[in-house]
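TrEMBL has this to say about the protein:
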- 99-254: domain 'Sodium/calcium exchanger membrane region' (DOMAIN)
- 288-430: domain 'Sodium/calcium exchanger membrane region' (DOMAIN)
- 77-94: transmembrane segment (TRANSMEM)
- 129-151: transmembrane segment (TRANSMEM)
- 163-186: transmembrane segment (TRANSMEM)
- 198-221: transmembrane segment (TRANSMEM)
- 233-252: transmembrane segment (TRANSMEM)
- 289-307: transmembrane segment (TRANSMEM)
- 319-345: transmembrane segment (TRANSMEM)
- 352-379: transmembrane segment (TRANSMEM)
- 385-406: transmembrane segment (TRANSMEM)
- 413-432: transmembrane segment (TRANSMEM)
Amino acid sequence: MSHCNVPALIEPQVEMGSVDEAENKTLFKLEEDAKQTKEASLMEQGSLSPTFPQHTTKSPKNTVLKSIRIVILSNKLNLLLPFGPLAILVHYMIDSKGWVFLLSLIGITPLAERLGYATEQLAFYTGPTVGGLLNATFGNVTELIISIFALKNGMIRVVQLTLLGSILSNMLLVLGCAFFCGGLVFHQKDQVFDKGLAVVNSGLLLMAVMGILFPAVLHYTHSEVHAGSSELALSRFSSCIMLIAYAAYLFFQLKSQSSSYSPLEEETNQNEEASDEDEDPEISKWESIIWLSVLTAWVSLLSGYLVDAIEGASVSWNIPIAFISVILLPIVGNAAEHAGAIMFAMKDKLDLSLGVAIGSSIQISMFAVPFCVVIGWMMGEQMDLNFQLFETAMLFITVIVVAFFIQEGTSNYFKGLMLILCYLIVAASFFVHEDPQQDGGI
């Protein structure tokens, strides 16, 4: 019996040892899983990258005065902020439309740039993909506000021309300056960006051109089933389709292909970013949201005075309204994108530059334009997608030119210079162009 009991006594000890060992392995595995889950969640929030695991976003705790000093007093461009209140003062004291327009235009410029700054700060807490979307959204909020005020005043042509000018400015001037400045800094090599993403963006821009082109073709071929109403009905239907396409694009970008939309240059620049102390946010998340609200409200106020003064400024300066709407207004509205795209290009982050410039053009053409058509529909305004023959042809050629320039996935200062020169041709064309609907459309 003693021989039979020895194995019986040993077996429980062996089993207990294996159980303890299994429990230790399980606990160790749970700790590893918890660590990996935490790292994954931090990566989703943009505070941790797979090859740079120690980087976390530190939220600063600023007082109200320090926050004002950081946002308002730290930038030299903010010296132009007093021009905003001065424009309102001139409006009520002198009522000189030319001066009100000029002062409002100058006063909005630093606000547009600060909107971009506040959005950039908020992007530290949301991650790169959502941050890029926020940047494009608030970068275009100036044009959207101006367009809604103009639409409210029945100035349909100003809405169309301002949005068109913003698309042209982003694709030619902003992208051109980014390519040019980045090419000068890195003149010994071609800068590289995601070619697949560039092709998708080009396809979306061509779809937007298709939506804008067909109502114009229908109008100028006189082939409407119901004269005067078919063009408007087609515009409203196309606008709804474009909004659905843009929503699908957002879902594709944020959910399905989020890994594809992370910047390619991020991996090659992570060592530089690790040593760059300026990557930490300067203001907290709630400070960013509050400043975005304040700046948006101030832009809305100034936009009302700006839109009211457009016609008077055109008469007093003897400049076509088309030139003011297509060239002057978008340059001010795109101040944030302009500065951001150039800064990213000079850091060899061409994917971010392309996302700002082309992404902004996509958002205006696929969201802002059809959104204004729908809003006009609700207001009872006959806002349509017929931008007239001259403007539609200009947009079509611009999209084709830009698509050819970005299809290779490389950039240099020569390509940037060509895009800037193309924009100068566009600006000169609108300076000598008289809008056929100038009297009736506005």
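Counting starts with 1 at the first residue shown.
Here the Cβ of each residue, glycine as well, is placed from N, Cα and C on the backbone.
TrEMBL entries are annotated by machine, without manual review.
Residue counts for the domain 'Sodium/calcium exchanger membrane region' (288-430) under DSSP, helix first, then strand, then coil, are 120 helix, 2 strand, 21 coil. The stretch in 77-94, 319-345, 385-406 that contributes the largest number of Cβ pairs under 8 Å to the transmembrane segment (233-252) is 385-406. Within its own chain, the transmembrane segment (413-432) is flanked in space by residues 168-169, 171-173, 175-184, 187, 319-320, 322-323, 326-327, 394, 398, 401-402, 405, which lie at least six positions past its ends and keep a Cβ under 8 Å from the stretch. Scored on C-beta pairs under 8 angstroms, the neighbour of the transmembrane segment (319-345) with the top count among 163-186, 198-221, 385-406 is 163-186.
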